[in-house]
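Peer 1: Take a look at the following structure, please.
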Amino acid sequence: MPKIYDYDDYDRCVAQAPAEADAVYCVARTIIKPDQESSLWRLIENFTNDTKRHYRHDHLDRGFCIETCRQLVQSLDVPTAEELFVPKFNIPFPYIINADAFNNVSGDRERYGRLINICQNHALRQRYNLTGYTEIEYCTGPNRVTPVDALDISFLVLSALIALLVIGSTWYDYYTSKPLGNEHYKKDLPCRKTMVLTSFSLVRNWYRLVSRSKDQLNEDLKFFQAIRFFTFCLVVVGHCADLFTATAFANTRDREAEYYSPLGHMLINGSLIVQSFFEMSGFLLSIHFLTTQAKLKRISWSAILVTVAYRYIRLTPAYAFILMLHATWLPKLQDGPLWPRGAEVERNLCRRNWWTNLLYVNNYVNADEPCLQQAWYLACDYQLFTVGLIILVAVTKYKKYVVHIFSISGLTAILIPVLVVYFNHFDGVFVVTLQAERFIYWFDEMYHKIYIPFHTNIGCYIGGVVYGYLYYRIRTSDNKGNRSGFLKFLWYMTVPCGMLTLMISMIFYTNNFEKPSIWISLFFPLHKNAWALFGAIILYGIIYNYNRFIKSVVNFPLFVPLGRLTYCAYISHVFFLKNFFYGTRGIAYFSHVSMYTKVISVIVASYILGAIVALTLEFPISALQKHLLSKQLEKVSKPDPPPANNNVSPPSA
């Protein structure tokens, strides 16, 4: 069968371009024209029909050097060239990124569309005796540089202002520190004006990053920072696997072979790992809320609006800065045959849809034209945070109905995905197909209707809220926990069971069950929310020290700053995914070694940029909130005087 990915040498194309003409290189998509008389076409058709485990081998990615293509077509006589041209026919699947995501595609299609169509059919006819329709996705070249505009300049001005704030605040903090030395940076000062002026101090924020909490509750839950770090690393593994398919690589058959391996499905279905983030968020929200509520006489419904706004102010500035980086200078960093698909599209979509990100609705609005696509999680988590807060306020105000409120929430979390799966005829798991990965799920119906909406991800979050509530109640009455042999056995079996949960998804790739089906609809939320049960067991065992070695590893001091940097590393890692995958010149070779090399590179680079953003934006904004807006929270509740021996405080963000 024809190679799925085949690209002319970009640098040779640029070097051999005539002096009087610009070097032009076009990337196009080819759809092979059905031909039942061809045995090869019948093979392609039969192989492609297994859409869950195979690529569409009638859908090809091609890169053309226009000058080489022009020379070939000029060597053909007119009747042969006319015969090789194939006009567009009915194509029953999404096959190309919309032209308005790129710059000047319509003009390039007029100039080079027919030329490339003939050129590609000449190659297909000679080697495979097939023809197809070829459509330009975009054209690029060394002289096609995106001009600097006002928004680009604005980003530089904003960055300079932040740098000046940091320098000025750091100098002022140093100026006032002389009597106390380093201890000055480690604690708040009695003057609120001074604390506001030192909010951007680099040294003070560094100590905020590396400091350790002194209260017992934070010490007990310190291991959460390690789990955050490891979960982020696993998320990067999944995203790197997606980007291999979305760009170009040579050995596509090896990738297809993984779909026949149970172990391969641990990577293919690893998207379930994001449920760990949701569960941790729900757990910490519950602990934070209940710890705060224990100090207060009452919590009003208005606390929800204030808390949601407080969270918005803390999270959004760092997020907006990275979004602005993608919308301005990302496309100017590199060039190459794939670079416009990764960077130019990102720039244009971020300029068009930035508001959906900053309103945290990008998992519902224009989700098929995403800016920072992996930021769907931030929107989903923000929406789930609001729902979790409503549930906790209700539980606090109507204590007699705690069981009823949690039960209704849990049943709703199961019922909603059941209905979505049933009425949309979906499978019992989120099916990751290679064809969907080629467009990073932009055109995948299941991705839009059940993977990224908050209403289908609520199960693990509610599980985290309930588990946090139970843990808080148990902790205040019994610090020893249940150390029965049965629970320890369950704890040691959790990781194998989690691996089995990922592998069992294979049944939906090897079988086409009749749908809609009640059992498939029920299987989806039960399979997905089993992750919350596994997570609860793991957390319980770590909290109550079921294994001293594992507890010592996850409590290693280095994980404290790494965990605190996870948010900024997460919003930064898309920038490096774009650079490491779309910046390549040639077609890569997929292997686990090459993939994990990129994984490590992305993680390290993300944490470097994440640390810069955290120290100059996230932590300073959080400090400003504390010093300027804390009274707003006091207006919606009346605190009791704290006990003399009170040593409980909410876990750090």
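Including glycine, each Cβ sits where the backbone N, Cα and C put it.
Because TrEMBL annotations are produced automatically, they should be read as predictions rather than curated entries.
Just lifted these from TrEMBL, have a look:
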| type | residues | note |
| --- | --- | --- |
| TRANSMEM | 153-172 | transmembrane segment |
| TRANSMEM | 192-209 | transmembrane segment |
| DOMAIN | 223-614 | domain 'Acyltransferase 3' |
| TRANSMEM | 229-250 | transmembrane segment |
| TRANSMEM | 270-291 | transmembrane segment |
| TRANSMEM | 312-330 | transmembrane segment |
| TRANSMEM | 375-395 | transmembrane segment |
| TRANSMEM | 402-423 | transmembrane segment |
| TRANSMEM | 450-470 | transmembrane segment |
| TRANSMEM | 490-509 | transmembrane segment |
| TRANSMEM | 529-546 | transmembrane segment |
| TRANSMEM | 558-576 | transmembrane segment |
| TRANSMEM | 596-617 | transmembrane segment |
| REGION | 634-653 | region 'Disordered' |
Peer 1: Who are the chain neighbours of the transmembrane segment (558-576) in space, where the CB to CB distance is under 8 Å and they lie at least 6 residues beyond its ends?
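Peer 2: That would be 209-210, 212, 222-229, 232, 235-236, 239, 315, 318-319, 322, 325-326, 330, 372-375, 377-378, 601-603, 605-607, 609-611, 613-614, 618, 652-653.
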Peer 1: Verify whether three or more Cβ pairs under 8 angstroms connect the transmembrane segment (596-617) with the transmembrane segment (192-209), leaving out any pair fewer than 6 apart in sequence.
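Peer 2: Answer yes: the transmembrane segment (192-209) meets the transmembrane segment (596-617) with 3 or more Cβ pairs below 8 Å.
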Peer 1: Averaged over the whole of the domain 'Acyltransferase 3' (223-614), what is the pLDDT?
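Peer 2: Result for the domain 'Acyltransferase 3' (223-614): average pLDDT 92.
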Peer 1: The transmembrane segment (529-546): which same-chain residues, six or more beyond its ends, come within Cβ distance under 8 Å?
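Peer 2: For the transmembrane segment (529-546), the list is 220-221, 223, 272, 275-276, 279-280, 283, 413-414, 459-460, 463-464, 467, 471, 480-483, 487-488, 490-491, 494-495, 497-498, 501, 554.
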Peer 1: Could you give the residue numbers and ranges of same-chain residues that sit at least 6 residues beyond the transmembrane segment (402-423) on either side and whose C-beta is under 8 angstroms from one of its C-beta atoms?
Peer 2: 391, 394-395, 449-450, 455-456, 458-459, 462-463, 465-466, 469, 516-518, 520-522, 524-526, 528-529
Peer 1: Short question: most Cβ pairs under 8 Å with the transmembrane segment (229-250), which of 312-330, 450-470, 596-617?
Peer 2: 596-617
Peer 1: Counting only CB pairs under 8 A, let me know which of 153-172, 312-330, 490-509 has the most with the transmembrane segment (375-395).
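Peer 2: Answer is 312-330, with the largest number of Cβ pairs below 8 Å.
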Peer 1: Would you mind listing the long-range same-chain contacts of the transmembrane segment (490-509), meaning Cβ under 8 Å and 6+ residues beyond its ends?
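Peer 2: For the transmembrane segment (490-509), the nonlocal Cβ contacts are 52-53, 259, 262-263, 265-266, 268-270, 272, 427-429, 431, 527, 530-531, 534, 537-538, 540-541, 546.
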Peer 1: Count, for each of 270-291, 450-470, 596-617, the Cβ pairs lying under 8 Å from the transmembrane segment (153-172), and report the range with the highest count.
Peer 2: 596-617
Peer 1: Against which stretches of its own chain does the transmembrane segment (450-470) lie, if we need a Cβ under 8 Å and a gap of at least six residues from its ends?
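Peer 2: Same-chain contacts beyond the ends: 271, 275-276, 278-287, 290, 363-364, 367, 376, 379-380, 383-384, 387-388, 391-392, 395, 402, 406, 409-410, 412-414, 416-417, 420-421, 424, 426, 430, 441, 524-525, 528-529, 531-533, 535-536, 539.
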